[in-house]
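Going by TrEMBL, these are the annotated features:
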type: TRANSMEM; residues: 35-56; note: transmembrane segment
type: TRANSMEM; residues: 68-91; note: transmembrane segment
type: TRANSMEM; residues: 97-114; note: transmembrane segment
type: TRANSMEM; residues: 126-145; note: transmembrane segment
type: TRANSMEM; residues: 151-171; note: transmembrane segment
type: TRANSMEM; residues: 210-231; note: transmembrane segment
Amino acid sequence: MYLYKVQFFPSCNARHVFISHIGTWKKQIAVKMNIFRLVGDLSHLLAILLLLWKIWKTRSCAGVSGKSQIMFGLVYITRYLDLFTNFISIYNTTMKAIFIAVAIATIYLIYFKFKATYDSNHDTFRMEFLIVPVGGLAFLVNHDFTALEILWTFSIYLESVAILPQLFMISKTGEAETITSHYLFALGSYRALYIVNWVYRYYFEGFFDLIAIVAGCVQTILYCDFFYLYVTKVMHGKKLSLPA
């Protein structure tokens, strides 16, 4: 009987899996690019650039949840701590740097440059109700009990629920601007495409990461109502609104 140790290392939105035979590194299955992952990454990038462009063009962050953006910032920073220590590819490193930079820039615009336009009266979701349980879960359920692995797992869990303050805010205000709706649709599409990517990788590569898959499914489910409203309203030229 063969014993295998599996250790996971974070990359852009996928991971390298290293398998060792009785403690000796023997095989490396590198993450392979496929069309679903590529389009998912581009959809993710499009989403955050759309939001940044919306804030900068209108000189306003009205309708944008600063709390969601803080949590997404935490997601990128804790996931990509290996930016300077674990080189995978130029594409991978570039995407990591862009996500971190754009997240910080968005938070800066919301809480500093255009602070006067930030709607704190409606952005009232309690972040600690998400961050604390997610932190505890990452500490208890992870692939490997190391600092980087726990932080990577924390980022996966937190990303699955980080959009809740934004959806909660839209529910309270009753509607969302068209560009904000496009941002949310692109963000939800990214995760849905990654689910297809995981199915593809499992079928062709035998790759399976239960933590990432479960968290990704939870995140996609949270977008289901929004997807329906986007298709039935925004795509027909109407403003998007969520039930209060």
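Glycine residues also receive a Cβ, built from the backbone N, Cα and C atoms like all the rest.
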Long-range neighbours of the transmembrane segment (35-56), counting only residues six or more past its ends (CB under 8 A): 12-14, 64, 69, 72, 95, 98-99, 102-103, 105-106, 109-110, 114, 177, 179-180, 182-184, 186-187, 189-191, 193-194, 196-197, 200
Cβ contacts under 8 Å made by the transmembrane segment (151-171) with residues that lie 6+ beyond its boundaries: 8, 10, 15, 63-65, 67-68, 71-72, 74-76, 78-79, 81, 119, 122-125, 127, 130-131, 134-135, 137-138, 141-143, 180, 184, 187, 211-212, 215-216, 218-219, 222-223, 226, 240-244
Surrounding residues of the transmembrane segment (97-114) on its own chain - C-beta under 8 Å, 6+ positions past either end: 44-45, 48-49, 51-52, 55-56, 59-61, 64, 66, 69-70, 72-73, 76-77, 80, 83
Long-range Cβ neighbours of the transmembrane segment (68-91) (under 8 Å; 6 or more residues past either end): 9-12, 16, 31, 33, 48, 51, 97, 99-100, 103-104, 106-107, 110, 127, 130-131, 148, 151-152, 154-156, 158-159, 162-166, 169
